[in-house]
């Protein structure tokens with residue numbers, strides 16, 4: 001797959017509107033108390049110690065959270081004081097909840113004014129972050145949240161801004177910029193500017209330009225927060241240019257970004273043997289939900305169809321389908337209506353489904369970053385999971401070696417039998 005195609009696949013980034021949205025890293029799935037790990041329930045303090053609004057604490061209790069994760073423990077006390085934050089922490093650690101709770105805590109809603117702007121690089125992620133805001137603002141009825149991204153009519157967005165102006169806007173840079181340029185979206189009252197999966201937006205020059213133009217439309221005095229699972233040393237200075245003396249938090253070194261509780265294996269086979277092997281594994285493995293990653297839209301459609309024909313309850317998500325259809329299918333999978341999802345990289349970054357406990361790389365990801373974000377779909381927030389990667393040629397083997405070197409992890413060949421308790425939580 002050409003590099004250009006990969007970018008299109010990942011970002012679905014279009015020239016006329018920068019319409020991409022980043023991912024909620026999921027303040028979902030409460031930590032299981034019996035799981036040992038560096039970040040699960042390691043702090044005896046609860047969310048109450050942050051002195052959050054009672055309305056927020058009620059929503060947190062409703063979501064089933066008791067103890068903040070390490071990244072939440074490190075970031076929230078400073079973030080709620082309005083400090084700029086630059087944070088890297090591995091997938092599944094609840095980064096989304098940091099900025100959602102910090103901005104809701106500080107928000108003083110003013111009718112007709114947008115106070116919070118959150119941008120991310122994929123539409124699905126924008127949608128998910130907006131849902132997190134709705135979840136945590138459950139007992140704050142005056143707070144309005146809206147999500148704007150390309151692929152849907154801009155007229156509807158303009159209508160929302162005119163008739164029911166939100167206090168919190170989540171969106172992708174292209175659509176946000178289009179709305180700001182045509183004066184539908186007024187950014188003069190922004191108090192909190194957040195980039196989620198910031199490296200994806202700032203590494204690409206065209207998207208970075210859009211973010212910079214939007215940034216210049218906001219007031220000088222504001223809080224800036226940026227989050228990502230991967231922040232290279234090269235991109236950090238770029239992030240800092242947007243900030244004033246930020247608090248920098250890097251939870252776990254880059255080489256330790258692999259996930260606690262996630263079993264990782266590979267299977268060596270020919271390309272034409274993948275289907276049979278996949279069906280065999282789906283037959284013998286125990287799973288709640290599974291995500292299968294493929295490299296193209298065509299393979300995504302064909303494999304999903306094949307799985308259904310073999311009586312596996314599969315659903316596909318890819319960039320070739322209309323936006324409404326994509327979001328509807330994402331919601332179906334999240335609501336457990338289907339247990340198997342076949343997806344392109346479009347789904348790979350930041351999307352949070354807490355029941356997924358197995359991720360398959362049917363096709364090898366193009367680099368170690370993509371590998372991390374794909375396998376992070378299983379084993380979210382300290383729960384157990386299994387990642388199985390199909391290796392069918394020398395290039396696949398090279399990428400797998402890169403992954404092992406970079407993250408200092410040993411990925412071994414899939415054994416004939418796997419202990420079920422190593423990749424699925426046992427119900428008590």
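Each residue, glycine too, has its Cβ placed from N, Cα and C.
Sequence annotations record features per position, and here Swiss-Prot assigns ATP binding site to 89, 90, 91, 92, 93, 94, 95, 96 based on sequence analysis. Sequence annotations record features per position, and here Swiss-Prot assigns compositional bias 'Acidic residues' to 1-19. Here Swiss-Prot flags 76-249 as domain 'Helicase ATP-binding'. What Swiss-Prot records for 261-422 is domain 'Helicase C-terminal'. Here Swiss-Prot flags 36 as N6-acetyllysine, drawing on similarity to another entry. Marked as region 'Disordered' by Swiss-Prot: 1-31.
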Legend entry - Residue among the binding-site residues 90, 95 whose Cβ has the most other Cβ atoms within 10 Å: 95
Legend entry - Secondary structure at residue 95 (ATP binding site), reduced by DSSP to three states: helix
Legend entry - Where residue 90 (ATP binding site) falls in three-state DSSP terms: coil
Legend entry - Candidate with the highest Cβ count within 10 Å, taken from the binding-site residues 92, 94: 94
